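Feature list (source: Swiss-Prot):
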SIGNAL    1-17  signal peptide
REGION    92-133  region 'Disordered'
COMPBIAS  102-112  compositional bias 'Pro residues'
ZN_FING   154-214  zinc finger
BINDING   CYS162, CYS165, HIS188, CYS191  Zn(2+) 1 binding site
BINDING   CYS178, CYS180, CYS204, CYS207  Zn(2+) 2 binding site
TRANSMEM  242-262  transmembrane segment
TRANSMEM  271-291  transmembrane segment
REGION    323-372  region 'Disordered'
COMPBIAS  328-343  compositional bias 'Polar residues'
REGION    389-409  region 'Disordered'
Amino acid sequence: MLMPLGGLLWWWCCCCGWYSCGLCTPAPQMLRHQGLLKCRCRMLFNDLKVFLLRRPPPAPLPMHGDPQLPGVAANNNTLPALGAGGWAGWRGPREAVGRETPPLPPPPPLPPSGDDDWDGPATGPPASLLSSASSDEFCKEKTEDCYSLGSSLDSGMRTPLCRICFQGPEQGELLSPCRCDGSVKCTHQPCLIKWISERGCWSCELCYYKYHVIAISTKNPLQWQAISLTVIEKVQIAAAILGSLFLIASISWLIWSTFSPSAKWQRQDLLFQICYGMYGFMDVVCIGLIIHEGPSVYRIFKRWQAVNQQWKVLNYDKTKDLEDQKSGGRTNLQTSSSAQANLPSAEEEAASPPAREEGPTRAASHPSGPVSQHHCAYTILHILSHLRPHDQRSTQGSGRELVMRVTTV
């Protein structure tokens, strides 16, 4: 290795000496070539430093089962391996794959140089090491974030939270007022009352279970609170109130003018009779307006009542709910069974041929028999079938039967 280096140095000195002697250059350019010689010498020393102090090439990776050499990393792409293999000669002994590496000799001292801005490879870690270290740190941070997210989710599943304010039991007692389960099972009583006051509905919007709430007492009138109303709700309240007042006033005046002896002349006047008709029409309009806006006003009143009254919300009782469902199912089953029991009897009577010897007079003289217990339309059709002539029925065919299905509405 030293022979090519010596030859290179000899060739460089010869070239520089040839030009420095002035054999090929004129005298005025001597100073300039001296400066070039200094620069070239400096570049030569820098190349020598790079050549002598460069990092040794990495050793080949050992196969499975082969003993690993000290100071050689198992994987050059990871931070611990690089620290053990690549940086062992620069930072002293470190652990590599569970073994202690023997101490290596320190690097040779750098030769003096006038170039203060030169940065050799020993002044800092290589770019591959920095990139691998940053990638390892990024993977570690992502792993920690995933672990913290998973632990927070696990803790959230274990700790019950209010489905309205998302707070735990430290904000108050948690109740389960409906059939909902899981993360939407629990809620605080104040949160639920406030939600009811905003919606105006006393049933769950998910499972449609009506909350079991007990009214304790009404607040002091001085403590009553107003609820937020939209423009449409204000118009609905005003329409319902004005319609009710007009309906009360007009009905009162019509009753007085109809039955009062002093208003006898009004009842005979044509103008007042026209007014009676107009007031009657307006009363019908007011009744329709009240019926249309009544549910909205009632919902607003329930919202106001939820805010200005003290309540106690009861927990969901599964056994009681099952009993209520069973009782309701039995009632519906009895109703449907009674309807189905009446249906075959009606079909049998409709399908049975009438007695020919009794004639139409006997059928018409007993309308209060079992036929009258069914629907009115069936009774009329049954009577009409008896009133038809016998020969007309025989010509239409004796194999046809009249079958009717009667359902209750």
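Every residue number used here counts from 1 along the chain in the order it is shown.
Including glycine, each Cβ sits where the backbone N, Cα and C put it.
The distance from the Cα of CYS204 (Zn(2+) 2 binding site) to the Cα of CYS191 (Zn(2+) 1 binding site) comes to 13 Å.
Taking DSSP states H, G and I as helix and E and B as strand, the zinc finger (154-214) has 22 helix, 8 strand, 31 coil. The number of other Cβ atoms within 10 Å of the Cβ belonging to CYS204 (Zn(2+) 2 binding site), over all protein chains shown, comes to 18. The average pLDDT for the zinc finger (154-214) in the predicted structure is 81. Other residues of the chain with a Cβ within 8 Å of the Cβ centroid of CYS178, CYS180, CYS204, CYS207, the Zn(2+) 2 site, are PRO177, ARG179, VAL184, GLU205, LEU206, TYR208, TYR209, TYR316.
Packing around CYS162 (Zn(2+) 1 binding site) is summarised by its Cβ count: 21 other Cβ atoms lie within 10 angstroms of its Cβ, all protein chains included.
A Cβ distance under 8 Å defines the sequence-distant neighbours of the transmembrane segment (242-262), meaning residues of its chain 6+ beyond its ends; these are 272, 276, 279-280, 282-283, 286-287, 289-290, 293. Listed in sequence order, the residues ARG163, ILE164, PHE166, GLN167, GLN171, GLY172, LEU174, THR187, PRO190, LEU192 complete the 8 Å Cβ shell around the Zn(2+) 1 site centroid, once CYS162, CYS165, HIS188, CYS191 themselves are left out.
The separation of CYS207 (Zn(2+) 2 binding site) from HIS188 (Zn(2+) 1 binding site), Cα to Cα, is 18 Å.
CYS207 (Zn(2+) 2 binding site) sits 18 Å from CYS191 (Zn(2+) 1 binding site), taking the C-alpha atoms as the reference points. CYS207 (Zn(2+) 2 binding site) counts 12 other C-beta atoms within 10 Å of its own C-beta, drawing on all protein chains shown. Closest to CYS180 (Zn(2+) 2 binding site) in space, going by CA atoms and restricting to the binding-site residues CYS162, CYS165, CYS191, is CYS162. Distance noted between the C-alpha atoms of CYS165 (Zn(2+) 1 binding site) and CYS178 (Zn(2+) 2 binding site) is 17 Å.
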